[in-house]
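According to Swiss-Prot, the features are:
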type: SIGNAL; residues: 1-23; note: signal peptide
type: DOMAIN; residues: 40-82; note: domain 'EGF-like'
type: DISULFID; residues: 44-59; note: disulfide bond
type: DISULFID; residues: 53-70; note: disulfide bond
type: DISULFID; residues: 72-81; note: disulfide bond
């Protein structure tokens, strides 16, 4: 019986952690999930290549969608690498 209680407690804790992460990063997670479903695009050119991403991020362009996004260095996050992690 103790192992069932331990398992139940672990499941509850895991659900709480996931729920709080989704509440905090839900919108970003949706965007990342959508991006992961698509190809990674190509490296940006022109003005976007040097100015779209902040804090050392790498700009990517998905031509078929007309969208730009950034691959951020480890200590930044956000659509344009504009938010400091942690």
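Each residue, glycine too, has its Cβ placed from N, Cα and C.
Swiss-Prot feature annotations superimposed on the structure.
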residue : record         : DSSP (3 states)
44      : disulfide bond : coil
53      : disulfide bond : coil
59      : disulfide bond : strand
70      : disulfide bond : strand
81      : disulfide bond : coil
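In sequence order, 53, 55, 56, 57, 78, 81 are the residues of the chain that are 6 or more apart from residue 72 (disulfide bond) and have a CB within less than 8 Å of its CB.
Residue pair residue 59 (disulfide bond) / residue 70 (disulfide bond) shows a Cα separation of 5 Å. For the pair residue 70 (disulfide bond) and residue 44 (disulfide bond), the Cα-Cα distance reads 10 Å. Under a cutoff of 8 A between CB atoms, and with a sequence separation of 6+ in the same chain, the neighbours of residue 44 (disulfide bond) are 52, 59, 60, 61, 68.
Mean pLDDT for the domain 'EGF-like' (40-82) in the predicted structure: 92.
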